[in-house]
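One structure is given below, encoded as structure tokens.
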Amino acid sequence: MVEQGLVSEEVFSFWLNRDPDAEEGGEIVFGGVDPKHFKGKHTYVPVTKKGYWQFELGDILIGNQSTGVCEGGCAAIVDSGTSLLAGPTPVVTEINHAIGGEGVVSAECKLVVSQYGDLIWDLLVSGLLPEKVCQQIGLCAFNGAEYVSTGIKTVVEKENVSAGDSAVCSACEMAVVWVQNQLKQKQTKEKVLSYINELCDSLPNPMGESIIDCDRIPTMPNVSFTIGDKIFNLSPEQYILKTGEGIAEVCISGFMAFDLPPPRGPLWILGDVFMGVYHTVFDSGKLRIGFAEAA
């Protein structure tokens, strides 16, 4: 379009209307932006990797509390083809726990916490690198390229041994992430292990989604993302999706678990839940992405 002189700017922009009763569902503009669809100025961040329009998140907060997961960097993309807001299972589980999400209870998760929680804590406190903790305990082995299960058997693995082995290794790795985050908050071991045991109950179901009690929406915390030098808030009304009416009404968390393996992952995907709140500009000419409050 630019080469043919059909548009003057190397930019395209999205406005998604989250009102299900509106006649107009949204708008994509090629070659610029529609000033009717945003308020104030856009906050721009550079594209760190082409292809997915990848950029860097500064922080992720639940309420006003930092999760601490982005201290080593958090890669993110904005994607109109993803309905929800997707991220790594450990952090999404923490978010869904904070907002009262109910996922499938993971027996492997509770097993790891009860049997190895103290040891995970002690190893992290002693200074062992987080990525080596589960290998040290013996729940994961390193095959030269990635961590794999060692084949330890548990009661829940009788029907599907390989899946169970993998789940125990994954549960250990999640527990390490959670303990590491809580250590930064300077909580006691007992409080941390109790909290992590609760997180096991909030693990998303196999499709990655979690159900929410609709009556709890007014008391839920904001979930926020730091992009550039600005905090972008999502209120409960904005990150909860409602389907059905009356007694058939169901509320779904807008946060779903999605674990993209390295080297492309881990990756956060800010889908329609985010783009519906924030008008998004993709600037191909300057290789940057901009966000402003949608109007």
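Quick reminder: no glycine exception, Cβ is built from N, Cα and C everywhere.
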Bond partner of Cys251 - disulfide, per TrEMBL - picked from Cys200, Cys214: Cys214
Site with most surrounding Cβ atoms, counting all protein chains shown within 10 Å, from the disulfide-bonded residues Cys214, Cys251: Cys251
Three-state composition of the domain 'Saposin B-type' (104-144), taking helix and strand from DSSP: 27 helix, 3 strand, 11 coil
